[in-house]
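What Swiss-Prot annotates here:
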type	residues	note
DOMAIN	8-282	domain 'tr-type G'
BINDING	17-24, 81-85, 135-138	GTP binding site
């Protein structure tokens, strides 16, 4: 089957936003207008097509980013709906990795909220061109222009409106298109019919002012246009559109549109903007990777003729077909039933069927081409972030980095029958989600699950019960503390057993030193002259890694340190890998204890929104939780307090805030960084762990 849409008529976009800005509703409307869905699904009825997990329909939030495909004005648009809740930022990170452009949805009342900042920074990191859509223009308190200035101030972006609203709140009737300088007035409720008329008189001045700002921004994209603009010549509609596209692709400007997705206003112009201003796969640089054989950089041009390469960006357990791997094709083409090479794992895999996903139903296709996003059935060893490619032309595309979990709970199966099922369920769920980890507590033997927040773990447990029918008891959430060292030290580990039979002998001398936060663990081998045979070096490294899992102070994992192996000795007969592993472990324990060890705790960035009269109370409470206030600002009649608070002090904060503010306060928090725990609190943690 030949390619349906040429590459320049393909758009891979994400829809990203803060929770509740109306992202899923916007996607639903897009699917409705592009003819993919015959009846509009409403999020608050639990019937939205994109939110297809039961948990999502109950909670009215989007958890997994469903990929779906639709068509508009002769273009294929692949949409990835990303979750806006902070516990699921890993999904957003994954999606941005495989997108070419994005639509950032903002609420016209809330403006730029904390999660919008996080998502925006993630998009900046990957250099994703964006257009902004200020939604919910029909809500009380809607203010388009405040939204635009917040994008400028809080996100440091360059927002340029290409539309302005006609009316606001319940008077929101349509939009003024600043490119054509015409008004679009919506006539019916479904928003399918609209009248194009002259701009209402009361808006003529403001439309002219914003048109001028648009022309100025467009002129900056091109010298010729700049000359024309400065000489006072009119720019043609085509020149304006080309200028907007050029600046958007270079991430120099963010075109801003407005509408009310729920009331079906403004969605078709948004689709037009996606097609006109966001990049096709050919507009972005060729993808870079590393040749696993030579270790040298390799490039794949965006073309069906190039060797096949693709990145698996999401794995999902599907009740009907088993494991589904979502992937983005960067070069070449792929037929179902063919073999591919997983260069990340070094294994060959067979692609069973290839499915094109529409939010919750699927269509089987024979072939996928460069720029497509699809899902494959039958990949056994592939996990998130793996590269699949042509075996004759191997390449590893850059993978993704995921944050460490900050919270964990103990979980126990209710019955013996649940025990085996639970292990399988947790294994499957951790394959899908790299920020969810499972481990066993060495002392108690309990299974520990870790994740990005309370909601994240609640949903995991919920899915385990629904999808895998596992009943489990869940403990109280615990903070994922870490340990690190603050100074250098030298230490040795000597393990000698020479009593009857075969002896054991391992001896290692190490230097241990702190690294900057987030650097992880580094092992440097400086053994010279064969004082320790080469084959025993990895055993010492493994011994240190294992010992670092349970730190010297309170048994928490030790992070951010470098060990240099400087000396040691061995015995011709008695030395073994086991002996050197134990020697490495002993050396680490002695070294870490000498190197001024400390406990680290996760610190959260917190933003609390409260009516003014509760402000003093809320600030006092944050201070009493060892918090640091960073700043305050007023939004309408409410005040926003921003600060940093240790996660251990935030358990149960939701209930507390509700009772302090009579249910009128709201807060969001996200992981920021790790900080050293004050000594008096560290002593309490150590005493509790040692029981």
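Every residue, even glycine, has its Cβ placed from backbone N, Cα and C.
Around residue 17 (GTP binding site), a 10 Å sphere centred on its CB holds 29 further CB atoms from the protein chains shown. DSSP assigns residue 17 (GTP binding site) to a strand.
Along the domain 'tr-type G' (8-282), the predicted structure has mean pLDDT 79. Under DSSP, residue 137 (GTP binding site) is assigned to coil, being neither helix nor strand in the three-state scheme.
A simple way to gauge crowding: the CB of residue 137 (GTP binding site) has 30 other CB atoms within 10 angstroms, across all the protein chains here.
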